[in-house]
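Written below as structure tokens is the structure these notes are about.
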Amino acid sequence: MSNIHVSVWAIAWPMMLANITTPLLGLVDAAVLGHLPEAYYLGAVAIGSAIFSFIFWSFGFLRMGTTGVVAQAFGESNYTAIHRYFCQSIIIALVVGTVVIACQSIILLLGELFFAPPAQVLGELNIYYEIRVWSAPAVLINFTMIGWLIGVQRTRIPLLLMVIAHSTNIVLDILLVMVFKLNTAGVAFATVTADYLTLIIGLICCNSILRKLGQPLFASINLRGIKQLILINKDLFFRSLCLLLCFAFFTAQGSRQGEQILAANALLINFLLIISNGLDGFAHAAEALVGKAIGEKNLDYLRLAIKSTGIWSVVGSICFMLLFWLFGKQIIFSLTDIESVRELALTYLPWLIWLPLVTVWSYWLDGVFIGTVRTDLMMYTVLGSSLFIYLPVWWFTRQLDNTGLWLAFFSFLTARSLLAILVFYYMNKKQVWIRPY
């Protein structure tokens with residue numbers, strides 16, 4: 001194996017394992033609640049998770065934008081900039097998290113209006129939301145730390161953080177739901193506890209790295225250029241917002257078709273999250289290695305990094321296809337005892353089997369675009385595929401109910417990958433990766 005492939009795997013495998021634990025946690029939530037006698041517990045957590053995913057991942061630039069600029073600073077060996085980006089991103093995350101808590105009532109009202117959950121689901125949703133919202137500052141700061149660690153190529157630390165956090169969450173899930181019968185409240189308490197545990201351990205780890213670089217965490221906090229950091233990431237904000245609206249729209253339309261469809265779609269969406277988080281390991285490698293190559297102004301290494309991460313991304317997608325084809329039914333049956341939900345999930349499983357090969361291109365190229373800090377390209381591909389493909393296809397297939405919804409969603413993900421490929425081909429041919437900012 002050549003040096004570039006070794007470098008890709010050195011970054012990718014810890015992030016793959018760390019990323020996969022996130023949707024696996026969702027599967028544990030689904031499994032714990034799916035074994036309760038009523039489907040509305042699972043539906044409430046599905047909608048609540050969608051609301052928080054919308055909130056938190058709207059500010060995903062705190063992770064993605066941090067990685068791009070830090071990776072380039074790492075390539076330049078500019079340790080002062082590495083420290084500055086870390087502190088500035090944490091400040092932004094803390095401010096945003098505080099605003100989310102302050103606006104929690106408004107956000108919940110908007111979420112209820114958007115998803116229009118059934119009455120039984122609504123009561124459990126309120127319980128889950130009012131507890132989970134207090135994790136906002138911790139979650140957003142954790143995004144920042146993970147992005148920073150990817151940028152400096154210390155990806156084993158995010159793996160450690162996720163293993164500790166999710167292990168805690170899973171144990172508390174089982175204890176609070178199955179033993180103490182707290183149901184949705186137990187799931188929420190478990191998540192909040194795990195998020196703050198991750199925050200504390202993460203800050204300790206990042207401070208240790210900064211000290212080795214001669215930049216102790218609280219030695220100085222330089223706010224110069226914080227506006228510039230926000231402007232760089234504005235494209236990522238709108239991209240994340242649009243992407244999450246697409247996922248939230250999918251959940252909302254499923255909710256309007258009843259709690260059984262809502263629960264079945266919730267199970268299958270966790271499959272998609274496993275795909276995206278697993279393949280994102282190679283995208284993270286692209287972010288770090290491409291950014292480092294740009295910082296070093298080494299175009300030969302840039303080409304090698306792009307090629308190697310692309311090859312391994314496709315290999316990974318084929319592995320996921322085989323996994324869901326061979327074991328999809330067994331996974332679904334292990335997650336819920338509700339026969340009607342099982343049957344519905346199996347009906348739409350074929351869509352999931354093909355998704356890895358469809359979505360891999362957008363995941364990989366997002367990593368390339370982040371490493372080159374060409375975040376505008378990411379925004380354009382998501383906006384185009386959602387406005388001109390997703391919504392029109394859904395509109396014209398509404399009479400097909402959930403099948404039409406899945407067709408629209410599949411078309412959106414396909415269009416997103418095709419647009420990313422076209423943009424990449426143009427940019428690579430013109431060799432105009434570096435944008436002044």
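Just so it is clear, glycine is given a Cβ too, placed from its N, Cα and C backbone atoms.
TrEMBL has this to say about the protein:
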- 40-64: transmembrane segment (TRANSMEM)
- 85-111: transmembrane segment (TRANSMEM)
- 131-152: transmembrane segment (TRANSMEM)
- 159-180: transmembrane segment (TRANSMEM)
- 186-210: transmembrane segment (TRANSMEM)
- 236-255: transmembrane segment (TRANSMEM)
- 261-283: transmembrane segment (TRANSMEM)
- 304-328: transmembrane segment (TRANSMEM)
- 348-365: transmembrane segment (TRANSMEM)
- 377-397: transmembrane segment (TRANSMEM)
- 403-427: transmembrane segment (TRANSMEM)
Selection from 40-64, 85-111, 131-152, 236-255, 261-283, the stretch that has most Cβ pairs under 8 A to the transmembrane segment (377-397): 236-255
The transmembrane segment (236-255) vs the transmembrane segment (85-111): 3 or more CB pairs under 8 Å: no
Tertiary contacts of the transmembrane segment (131-152) (same chain, 6+ residues out, Cβ under 8 Å): 11, 15, 48, 52, 55-56, 59-60, 62-71, 73-74, 82, 85-86, 89-90, 92-94, 96-98, 100-101, 104, 107-108, 158, 161, 185, 188-189, 191-192, 195-196, 198-199, 202-203, 205-206, 209, 284, 287-288, 291
Long-range environment of the transmembrane segment (403-427) - Cβ separation under 8 angstroms, sequence gap at least 6: 246, 250, 253-254, 348, 351, 354-355, 358-362, 365-366, 368, 374, 377, 380-382, 384-386, 388-391, 393-394, 397, 433
